[in-house]
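According to TrEMBL, the protein has these features:
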type	residues	note
DOMAIN	48-130	domain 'Dihydroorotase catalytic'
BINDING	H57, H59, K140, D291	Zn(2+) 1 binding site
MOD_RES	K140	N6-carboxylysine
ACT_SITE	D291	active site
Amino acid sequence: MKPDLAIDGTFYIDGMLVRTSVGIKDGIIISVRKGIDASERVSFDNSIILPGAVDLHVHFREPGLTQKEDITSGSISAAFGGVTCVGEMPNTVPPATTPDRVERKIELFRSKSYVDFIIYAGLMEGVRIGPLSSVAAAFKMYMGSTTGDLLCDDPDVQWDLIRRSAEAGKVVIVHAEEESRRNRISERNLRDHYRARPPACEIEAVRRLAVYSEREPKPRIHVAHTTVREAVDLNHPQNMTFEVTPHHLLLDYDMHLGSRGKVNPPLRRREDRTSLLRLLESGMIQTVGSDHSPHTLEEKGDEFDYAPSGLPGVETLLPLLLNMVANEELSMQAFVRAACEKPAQLLGLRKGRIAAGYDADFAVVNMKKSVQINADKLHYKCRWSPFEGMYGIFPDSVFLRGEEVIRNGALVGKPRGRNASA
Ligand code: DOR
Ligand code: ZN
């Protein structure tokens, strides 16, 4: 079979940088070897070619909250940041808790998204797991309250929903903050927000999840945005995995971010960042996800106590972490594992690896091109970033299933996103 396209360059393949060619047909990698003959070819010098990142944690806010973001602006931001597949969370308005609503979101993404996507359904008492599991890629459970009304804090209900999700063969992504361990205090700054949702909130919730994970039928639980080492260190079974966000790795409560740094779970201490980074490097934390949760500047400008929690990050995830790789703070191996391979593997997507049979999604990066992050140059509708002024390595070109969506730093693609879990 002759490929439609061959790309020549230095690829990151199974832990190594290899000078080779990749042959692509109908958007899928069909061969990886030197000397591929193809109808069309492109070549990249002075760059390395990585798998496109798979960000399992975004909130693109459509439908219902499109003053903050929408599928068009969110997915264009993802593409510019080298993210070729996103996992969309259910706390939209209305929330994605019925098969009809999940299908409606799939249709919206299909017509608007510039990158591939998967759609999650929200778990709450009374949802119909069977019908939902045939349309949603995975489920999301909120053990603690945050943006939206998807709280599920009753242990009996939690286990019932997790058990039935396991029977349906679905991964449950969990917002693990124990509601009863929150401190109802009035908050003026990031340290107060930390005290309102102390580490015990997360540790307690993860401890409970570890108990659920031991039961039959063994559920697949992925703990979203882990912030403390103690939670990951609990003696938990193999079927429980962890995500960390770039903001919990790179920001802490002593930074002067005001309500722009208000997020759930909260930014922690500087030393927590160091331990999270170690856990990411060692593979004890399996994935990195942005938890891209934009709010408008107007909303964030409210008094700290009333300002909503959440910050944008889908466009800066890969750039910030690649900058850490360039500074030798993180290995390339750990980066590709956590940003590409593991998230795809977790949900059974043929993405995140440069190998025959996988989608031809790539981020082409020049590791010497580190630039300062400037929200005016990002593509979020909310027009701000908590990482303003920090350094990032943005991809020059990005491929989605064999077609360039970003070329030389400009958007050239069309909205041809596909449901990657279908
Ligand atoms: O800070 C947060 N914001 N944490 C979440 O879990 C939800 C998110 C949002 O949707 O705004
Ligand atoms: Zn989230």
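Here the Cβ of each residue, glycine as well, is placed from N, Cα and C on the backbone.
TrEMBL does not curate its annotations; it predicts them automatically.
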For K140 (Zn(2+) 1 binding site), write down the residues of its own chain that are at least 6 apart in sequence and whose Cβ falls under 8 Å from its Cβ; none is a fine answer.
M89, P90, Y120, A121, G122, L123, L150, V172, I173, V174, H175, A224
Filtering H57, H59, K140 (binding-site residues) by proximity to ligand 1: which pass a Cβ cutoff of under 6 Å to any of its atoms?
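Cβ < 6 Å from ligand 1, in sequence order: H59.
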In the domain 'Dihydroorotase catalytic' (48-130), how many residues does DSSP call helix, how many strand, and how many coil?
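Breakdown, helix to coil: 26 helix, 23 strand, 34 coil.
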Please give the average pLDDT for the domain 'Dihydroorotase catalytic' (48-130) in this predicted model.
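Taking every residue of the domain 'Dihydroorotase catalytic' (48-130) together, the mean pLDDT is 98.
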Once the DSSP letters are reduced so that anything not helix or strand counts as coil, what is K140 (Zn(2+) 1 binding site)?
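Note: K140 (Zn(2+) 1 binding site) is in a strand by DSSP.
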With the Zn(2+) 1 site defined by H57, H59, K140, D291, which remaining residues of that chain have Cβ atoms positioned within 8 Å of the Cβ centroid?
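Near the Zn(2+) 1 site, the remaining chain residues are L56, V58, G87, M89, I173, A224, H225, G289, H292, S293.
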Where does D291 (Zn(2+) 1 binding site) sit by DSSP, helix, strand or coil?
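Note: D291 (Zn(2+) 1 binding site) is coil by DSSP, not helix or strand.
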Enter the number of other CB atoms within 10 angstroms of the CB of H57 (Zn(2+) 1 binding site).
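Its Cβ shell of radius 10 Å holds 27 other Cβ atoms.
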Taking the Cβ of D291 (Zn(2+) 1 binding site) as the reference point, list residues of the same chain whose Cβ is under 8 angstroms away and which are at least six residues distant in sequence.
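In sequence order, H57, V58, H59, A224, H225, T245, H247, V263, G310, G313 meet the Cβ cut-off.
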